[in-house]
């Protein structure tokens, strides 16, 4: 299955990136939600600026769509420096990373998305760069090969990952600041939807923004995506005016239910309930039953279902909770 086919998939879609950039917050004062992260970053950034230092290297982790890239942009804006962006899979060779590092200005931010996917060769080059602001490069081949050191300007590496556990210990230990992004509260998502609606010039009331927020799975990227589809519906059917009834109609038509579930969420939960009698069921069996890759279940589908209390991950496998049974109007089996 292709994750991008899902309207509520938290992953980024290329066609949305330009539109999302236009409505992203640029500074911490505009940043909504994640209060602990925001307050800590305010202190760390202000302290670095007072000292005239580069900000310590920053690792941001959490489920997709929660604003890791947005936070990296905010850090660069607050520090008043350039942001250079790349990703783990793109940096195939040590020379790819070396080219980026040697082009940095003092205190610049280098943002590496999916940093857990760095190759070991590239990661080895990163260690002295992060720790000593030095680049070790091998010149020549065979017996004539020699290592030279290149001094780098002080810089900030921001790494983003959905799989912090996949990082090697040496890499993880070199980050001075580690921030975990959590799923957003509905009230914060409502503020995000309202802010995006204003930027898009939409006529939308508070009840409508709340309706979109409640179905956005705690994820700003999904909230903005649903908002754009609600806008389309309103423009065609309701002269562009978005109230709670219009938003609800649009989202129902898009097959996004009151919990923010789409057909894949319902398919997973119903597979556990119907095919495995509520579980426990192993991940491989569950992946085969719904025709998905186990990584997609672990990284994309499960986190929200577990966080919302519809699915349990146990040593024996996945289990549907009473809340999941009730969601589908099915009576859960009585415990012996």
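Cβ atoms here come from the backbone N, Cα and C positions, even for glycine.
What Swiss-Prot says about this one:
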{"type": "REGION", "residues": "4-184", "note": "region 'Large ATPase domain (RuvB-L)'"}
{"type": "BINDING", "residues": "23, 24, 65, 68, 69, 70, 131, 132, 133, 174, 184, 221", "note": "ATP binding site"}
{"type": "BINDING", "residues": "69", "note": "Mg(2+) binding site"}
{"type": "REGION", "residues": "185-255", "note": "region 'Small ATPAse domain (RuvB-S)'"}
{"type": "REGION", "residues": "258-336", "note": "region 'Head domain (RuvB-H)'"}
{"type": "BINDING", "residues": "294, 313, 318", "note": "DNA binding site"}
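Location within the structure of each feature annotated in Swiss-Prot.
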residue: 23; record: ATP binding site; CB count, 10 Å: 16
residue: 65; record: ATP binding site; CB count, 10 Å: 26
residue: 69; record: ATP binding site; CB count, 10 Å: 21
residue: 131; record: ATP binding site; CB count, 10 Å: 12
residue: 133; record: ATP binding site; CB count, 10 Å: 16
residue: 184; record: ATP binding site; CB count, 10 Å: 25
residue: 294; record: DNA binding site; CB count, 10 Å: 13
residue: 313; record: DNA binding site; CB count, 10 Å: 15
residue: 318; record: DNA binding site; CB count, 10 Å: 25
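If you compare Cα positions, residue 294 (DNA binding site) sits closest to 65 out of the binding-site residues 23, 65, 131. The DSSP secondary structure for residue 318 (DNA binding site) is strand. Residues 294, 313, 318 make up the record's DNA site, and a Cβ search at 8 Å around their centroid adds 281, 282, 283, 286, 297, 298, 302, 311, 317 from the same chain. Across the region 'Small ATPAse domain (RuvB-S)' (185-255), the DSSP tally of helix, strand and coil residues reads 51 helix, 4 strand, 16 coil. A strand conformation is recorded for residue 313 (DNA binding site) in the three-state DSSP classification. For the pair residue 23 (ATP binding site) and residue 318 (DNA binding site), the C-alpha distance works out to 38 angstrom. When every Cα pair among 294, 313, 318 is compared, the largest distance found for this DNA site is 14 Å.
According to its DSSP assignment, residue 133 (ATP binding site) is coil. The region 'Head domain (RuvB-H)' (258-336): residue composition by secondary structure is 41 helix, 9 strand, 29 coil, according to DSSP. In the predicted model, residues of the region 'Large ATPase domain (RuvB-L)' (4-184) average a pLDDT of 91. Reduced to three states, the DSSP call for residue 184 (ATP binding site) is coil. You'll find the Cα of residue 184 (ATP binding site) roughly 24 Å from the Cα of residue 318 (DNA binding site).
A coil conformation is recorded for residue 65 (ATP binding site) in the three-state DSSP classification, outside any helix or strand. Here ATP is bound by 23, 24, 65, 68, 69, 70, 131, 132, 133, 174, 184, 221 per the record. The longest Cα to Cα distance in that group is 37 Å.
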